[in-house]
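What follows is a set of notes on a single structure, which appears directly below.
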Amino acid sequence: MSDRYEAQQIEAKWQQKWDAAGIDAARDDDDRESYYCLVMFPYPSGNLHMGHVRNYCLGDAVARYKRMRGFNVLHPIGWDAFGLPAENAAIKHHRPPAEWTYSNIDQMRSQLKRLGLSYDWSREIATCRPEYYRWEQWMFTRLMEKGLAYQAEAEVNWCDPCHTVLANEQVVDGVCWRCDTPVIKKNLKQWFIRITDYAEELLADLDKLTGWPEKVVGMQRNWIGKSSGAEVSFGIEGSDETLDIFTTRPDTLMGVTYMAVAAAHPLAQKAAENNPELAVFLDECSRISTKEADVETMEKKGMATGFHAIHPISGELVPVWVANFVLMGYGTGAVMSVPAHDERDFDFARKYGLRIQQVIKPADGDWDIESAAFTEAGILINSAQFDGLASADAKQAIIEWLSENDKGSERVQYRLRDWLVSRQRYWGSPIPVIHCQDCGEVAVPDDQLPVILPTHLQPTGGASPLNECDEFRHTTCPKCGKAAERELDTFDTFMESSWYMNRYTSARNEQAMVDAEAMNRWAAVDQYIGGVEHAVLHLLYARFYHKLMRDAGLFTSEQGGDEPFKNLLTQGMVLKDGTKMSKSKGNTVDPKAIIENFGADTARLFTLFAAPPEKELEWNDAGVEGGFRFLKRVWRLLERLDLCEGEDEAAAVKQVRRTIHATIQRVTHAFEHGFAFNVAIAALMELANALQDYKPAGTSGKAAYREGVEALATMLAPFVPHFACELAERLGMAEIAVVAGWPEVDEAALVQDEITLAVQIQGKRRGEIIIAKDAGQDEALAAAQADDSINKWLDGMQIVKVILVPGRLLNVVVKPQ
RNA sequence: GCCGGGAUGGUGGAACUGGUAGACACAAGGGACUUAAAAUCCCUCGGCAGCAAUGCUGUACGGGUUCGACUCCCGUUCCCGGUACCA
């Protein structure tokens, strides 16, 4: 056995041992309390990057700590294996996507194993396997039965020469990425899932997510975008049709002086028919970006349509304008405009000389409506029978009036749209639907699931090869038995990643999507860790899907919870030279090189030490070496175990034991509150430094030293498990470090007889005194006065006030005598 | 614009609930060992003044509260993330 720290050897040895001992498996037959630690599963791109390494080292530290704490830990991993990159790679390499995907998985699996991550590999999943996606097909047919899945026309990016739909990222500057042809918008029938039916619950349950970063909760809240108000029907002069709008300020209804509609609104389109100038304007509007960056600087423009709307209460006629800032995609594509009480309407009215009618005034005082809009709540004026009401009451009264007169109603509006799950792509789960001439859209019955995706097809970049695959396409209708065709679209890959956390609880289950008992044991996820880029879409869909599974009766609220993730940690990005690592910038760092040079433990240590988990991590090669040096320093502590010349020194022993137990306290705190591993590792470094400086003299000195090194080895295990195990073995510890119990704090060791107290005069630090730990204020003051360097500040002064903060400081407030 | 987060040495970052600012590390400089290099070890390391003891000053900026403020309050600037011109 070498006496040097040989990372490669040690890591190979322990990985083998752990594997043989099966210590990483989560047990389904166990009384211990369970803990579910989940990291966001990777897309099998072929190579692990630093972001993965960081994510998985964080998760592994948590999982290992919990195991050492005696929990039965579920720490699974798998592959989010469907998606576009596989198709692109398939085109490039002329190999089917399945082949590429599976070989990438093999490669990345071995990279993960090389890092020594403690996954339960028996639960590994790959979403592209029929055993997995059959269950989301099954779920989809349940949703069809419930009316929660439906078909509707939706706009897609279409490339005519390629005869295919393009994802947004395949549209580069408005042209197709492959053939440079301008992309056109086309309406296709697509499948949707009614996430909007769950908008209210998804919003309300955000309050339960106390273990989530507020930032993410806020982002989801904005995304759902609830606003309450009223829907109001305006008449259209000379027409039987109505112009319906949504407003959050029904109290300002009497102040409407014009209406504004989107360019795509039917009324605008109709007006343009015999108004060429307007037609040009509409065309212009249709081409502007709706992205916020452009919008910020965009000039607000409008044009009158010539139509007039009839005010539902006063019957007054107001002009209908087209405005470039009204969006067809939100609400009804039309708004009422109240320039007196809305800034944007105010600016618009000013620009085009439209009337401004004040109908609200501040509760106290007046408002100069000529100079600015009054957007606060207030008291109604110029509003006929509603005069004198406060805004809140007026909202109610006006909604009531509208309801009674059939001109509108109370209404809640969400920004959230239904989830479009159809993708006109090959490498995804088939949508389990059969199109029959007579029966329409028929769900594939359970006994015919899964609908297996043929894996031998070769994508070309044009239409999905499923279109050409006759044996897939042609089938018979499950209802009437006549010839029919399969749905050729596949699911959005968010469909797979929305429920994988629950599948892990019974990953090999062939009877059901999940097992209620297993959910009861493991769900919900105690700690979920991943990138903040998933703050909205993935995390929202997963929350939604969890509720769908619950409502499909797969588990109850008690068994699986209403929310899938109790605690969420969003880790920061890994940067190099201040920017995100990316191949195109050429600033990537290959984890493989670090592992080869220094070992997996050094790679793990550095990623955890260099920054707090939620912050960005600036990669620093020199810092990596620093981590390696630390491990070598700890290693050398072994050489001094038997050094025991000289006599026992009680004070020194007490001192070192205090450091040991204070460190246990600090490191434990990091695991229990917020995962500040950078600080925990710093504390371990301090302990190592203290042990290095300590001379283990005599029996008790030697024992204290050993206690320290053992505690250090044990606490290092979640971070650098191979190293810790080897150290523990060489120390002759009974259990290998990764399953050893977490060290307990010996409170007695923390107690000090004498403490150092900082002394302040007027709040400025002037010195320190050593004093009995339970000394009172008078004693402390006396000690301070006995110290010349402190007392010189008190000389000739009158003591006004003395503040003693026990264990910390003494502050003396004085004034000249 | 709005919502969220942030600003601490040359750098990454510490500082519990208002109680010794700069832990731990990186970089830099100096020294020891060595034929030499690597490795390792020791010392210095916010700024200003000083040989030193020490003093003053310092947590983006301006105020305030307090015996005491990186921490709390008011205002300002800048940076990052999110976003919806959302009626």
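Note: Cβ is positioned from N, Cα and C throughout, glycine not excepted.
Please treat TrEMBL annotations as automatic predictions, because they have not gone through curation.
In the predicted model, the domain 'Methionyl/Leucyl tRNA synthetase' (A:40-180) has a mean pLDDT of 90. TrEMBL lists A:40-180 with the feature domain 'Methionyl/Leucyl tRNA synthetase'.
According to TrEMBL, the feature motif ''HIGH' region' maps to A:42-52. Residues 79-81, 83, 85, 101, 104-105, 107-108, 111-112, 115, 126, 531, 573-574, 581, 588-592, 607, 619 of the same chain lie 6 or more positions beyond the ends of the motif ''HIGH' region' (A:42-52) yet place their CB under 8 Å from a CB of it.
For A:221-402, the entry in TrEMBL reads domain 'Leucyl-tRNA synthetase editing'.
Taken from TrEMBL, the feature domain 'Aminoacyl-tRNA synthetase class Ia' applies to A:416-619.
Residues or ranges marked as motif ''KMSKS' region' by TrEMBL: A:580-584. Note on the motif ''KMSKS' region' (A:580-584): residues 49-51, 573-574, 619 of its chain, located 6 or more positions outside it, place their CB under 8 angstroms from a CB of the stretch.
Other Cβ atoms within 10 Å of the Cβ of A:Lys583 (ATP binding site), summed over all protein chains shown, number 9. The ATP binding site annotation in TrEMBL covers A:Lys583.
The domain 'Methionyl/Valyl/Leucyl/Isoleucyl-tRNA synthetase anticodon-binding' annotation in TrEMBL covers A:656-775.
Broken down with DSSP, the domain 'Methionyl/Leucyl tRNA synthetase' (A:40-180) shows 70 helix, 25 strand, 46 coil. DSSP assignment over the domain 'Methionyl/Valyl/Leucyl/Isoleucyl-tRNA synthetase anticodon-binding' (A:656-775) gives 68 helix, 17 strand, 35 coil.
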